[in-house]
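These features come from Swiss-Prot:
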type	residues	note
MOTIF	57-67	motif ''HIGH' region'
BINDING	Glu552	L-isoleucyl-5'-AMP binding site
MOTIF	593-597	motif ''KMSKS' region'
BINDING	Lys596	ATP binding site
BINDING	Cys888, Cys891, Cys908, Cys911	Zn(2+) binding site
Amino acid sequence: MEYKDTLLMPKTDFPMRGNLPNKEPEWQAKWEEEKLYEKIQEKNTGRKAYILHDGPPYANGELHMGHALNKTIKDIIVRYKSMAGFSSPYVPGWDTHGLPIETAIAKKGVKRKEMSIAEFRKLCAEYAMTQVDGQRTGFKRLGINGDWENPYITLLPEYEAEQIKVFGEMAKKGYIYKGKKPVYWSPSSESALAEAEIEYQDKKSASIFVAFKVTDGKGVLDEGTNIVIWTTTPWTIPANMGITVNPDLDYVVIESAGEKYVVAEALLPNLREKLGFEDATVVKTVRGSELDRIVTKHPFYDRDSLVMNGEHATAEAGTGAVHTAPGHGEDDFLIGKKYDLEILAPLDDRGVFTDEAPGFEGVFYDTANKMVTEKLEEVGALLKMEFITHSYPHDWRTKKPVIFRATAQWFASIDAFRDDLLKAVKGVNWTPAWGETRLFNMVRDRGDWVISRQRAWGVPLPIFYAENGEAIITDETINHISELFREHGSNVWFERDVKDLLPDGFTHPGSPNGEFTKETDIMDVWFDSGSSHQAVLNARPELTRPADLYMEGSDQYRGWFNSSLTTAVAITGEAPYRNVLSHGFALDGEGRKMSKSLGNTLLPGKVIKQLGADIVRLWVASVDYQADVRVSDEILKQVSEVYRKIRNTMRFLLGNINDFNPTTNTVSYENLREVDKYMLIKLNDLVKNVKDSYEAFEFSTIYHQINNFCTVELSQFYMDFAKDVVYIEAADSNDRRAMQTVFYEAAVTLTKLLAPILPHTTEEVWNSLIGEGAESIHLQDLPDVKVLADSEEITAKWDAFMQIRDNVQKALEFARNEKLIGKSMLAKVTLYVDGEAKTLFDSLEGDFAQLFIVSDFELVEGLENAPESAFKSNQVAVQITVAEGETCERCRVVKKDVGVDPKHPTLCGRCADIVVKHYEA
């Protein structure tokens, strides 16, 4: 007889290697074929809804690790909710209008000027949809479960129709208006930009000090006195209409080299050296309020520049007197309106000077900086020029500087409902908590929202103009356009004449001849995505508004979180979301932003081909995503190592329950040994902790909890000593079936707990566990937290034992290093204990030699009895010696009773007994 044939060794079809890049697509094809997404929705019919609303990624370019981070977090949440008693449909979306798509089309060599706007827009739509298809494939390969056949896409007619309704409702409430005021203008995009489309970068600029001569001092200043201003935008001097001083600041008149100058008193010490005023004497001090309406002359144009009082003039920098060009700045515009100044902005859409700036016509504004400075020097008005580096607004798409430029634009008035917005922010639950402060401050401080764009690819502003120039936005026109867009798409606006866009028989008092024109501007893309609560949540029967969760990157406080809040509060009076969760950015291993120029980009598609989607997903679960996260080949290697441990744990569990039938072989909880109960209690604790962590969206905690359970509780303890039972004992022995009961429970529980994070691997485990025809793991619910008898008492006892076991392990390790023993199975452990530890061991049930994975064990009361050579710790001393006896050929334990059965001279008594009873015919 071959004794090895009597061992019950593990058997499983679950492979050691995941081979994820090849296996995952097979599971995905199966899920698609079986309509798994639909089955999950059916299973959860009638359950309480939990709606995570997808913030639409922009349909341009390859997926990056930020996309993978974002979509995986969402998928983990939706999968968790779907297994936790909720109905959680997930409708993915795409943002498809805007400049990058226009630019991409232009790069293909399309001659835009040689085709109609409608034709150009068709090309944009085709391009956007190919991008959507490419990204959809990438997201599906990542294992994201959703309604991929019916996503929401902002260019679809049904979406655009609802967006028009949002605009119409806001207009009806008086929130939409047209006005000329300075807006962020991007010469590189030839369009106005919203605050959300601005990013700040360092820029080197000319900083100049300029003297404006007083022509009418109102009895306060002598004629010819110079008021000194400071600016970092010399190109705006041709648009200067005034100077602003603070009414509550003191200003001094100083005399230097026969000239008089006015600056803020508080800034004089800085300016003495900077402007060469070291020897200047103070002639008089005046209050800013006294300087109001004094008249100065523009340095090189024959026009006045009025001195005004404004709070935005401060003594923090410069001279305390602010150059004011109402056409090129927010504060300048407001004070210019107050003092009835001309709103002059002498630039065209490309940032080139018009004939309203004599001497600079046809010059690009940035080029004009040098010319203006030279002109000021020529007329003797330039006191000083230097270069500074400062934070300056840039177009987030083109990365080029933007300017403030007064143009006629359409706005959404924030002032009209700002208090409602702030109240709504307070009513939302924010994670991280600082998100509330961030958005609250943004809403509190923001100006009106410029919603018009001078571009082609977007949703047209549904506005008509009468013959007298009056803008027409009525319920009748809005409803008509909404239905036209629903039927034909928004391109109909550019394909048809005005008369074919208006309702039949439409008349208006401002058009006695029945003539109308239409607006040619489109809406800001943030209005597109910001309308999704109406176009998706409100429009789809399976979804609800407000959503339970909006979850995006932290850049969306100024973007989608903001625009969605604005449109939703405007038309419904409440926020479109109950909870908002934000994540950081994906950086490289050294914490740098990923960029092609640095050569440090890591693309999810490439990682999935090499390692598999489940590794990317496990990486997402491993990081503290609320801050910026790091990813690199080295980090993914570490994650792969954890994956390997989890997989090996599952393989061991599966291999050792191959002959276990849960229906007939399960040992009831009360009939388990204490150590088995202890493991089920630990497993139950894991269920509670993991479910709590899922609920709090703390996936990195789950990663550590499960990794720790697999490594410490299972691999290093329970599964390790189990081999002496499940391989060696008779198939149906109570101890073996008890351990298999725990293994089975652990396999089922871990598979369910990991399913939202590792959908492919857990499906593979589940198939192996349940067998052919198994219903998908993703149609199961998460395990319940159980009430287990005596759990506190058992846990306290066995936790204390585990601490002592740690000391025994250290002693064995020491003995191995000292070459006292080879494998631990050759050892005898003599444990010297104090009274407390003795009481503990007396109360424990178990074969301690087996639990310590040694051949012999002796317990001795009295620490004082331990020899000098013993390994000592606070409660115990451990003496390691070589076990006496022979090694049993079958179980490899050193026993004194090897050969007790003469028919089996190489077996110990236990093994001989098993062989005789179960394997001898």
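The backbone N, Cα and C atoms fix where each Cβ goes, glycine too.
Note that this is a predicted model, so its numbers are computed, not measured.
Other than Cys888, Cys891, Cys908, Cys911, the residues of this chain whose Cβ falls within 8 Å of the Cβ centroid of the Zn(2+) site are, in sequence order, Ile728, Glu889, Arg890, Arg892, Val893, Lys895, Val898, Leu907, Gly909, Arg910, Ala912.
Following the DSSP three-state reduction, the secondary structure of Glu552 (L-isoleucyl-5'-AMP binding site) is strand. The CA atom of Cys891 (Zn(2+) binding site) is located 59 Å away from the CA atom of the residue listed as 'ATP binding site'. Summarised by DSSP class, the composition of the motif ''HIGH' region' (57-67) is 3 helix, 1 strand, 7 coil. Every protein chain considered, the tally of other Cβ atoms within 10 Å of the Cβ of Cys888 (Zn(2+) binding site) stands at 24. In sequence order, no residues are near Lys596 (ATP binding site), counting only same-chain partners six or more apart with C-beta under 8 A. The Cβ neighbour count for Cys911 (Zn(2+) binding site), using a 10 Å radius over every protein chain in view, is 26. The local packing around Cys908 (Zn(2+) binding site), expressed as other Cβ atoms within 10 Å of its Cβ over all shown chains, amounts to 27.
In this view, Cys891 (Zn(2+) binding site) is surrounded by 22 other Cβ atoms within 10 Å of its Cβ, with every protein chain counted. Other C-beta atoms found within 10 angstroms of the C-beta of Glu552 (L-isoleucyl-5'-AMP binding site) number 22, with every protein chain shown included. Under DSSP, Cys911 (Zn(2+) binding site) is assigned to a helix (H, G or I) in the three-state scheme. In this structure the alpha carbons, written CA, of Cys911 (Zn(2+) binding site) and Glu552 (L-isoleucyl-5'-AMP binding site) are 61 Å apart. Cα separation, Glu552 (L-isoleucyl-5'-AMP binding site) to Cys888 (Zn(2+) binding site), rounded: 61 Å. Residue counts for the motif ''KMSKS' region' (593-597) under DSSP, helix first, then strand, then coil, are 0 helix, 1 strand, 4 coil.
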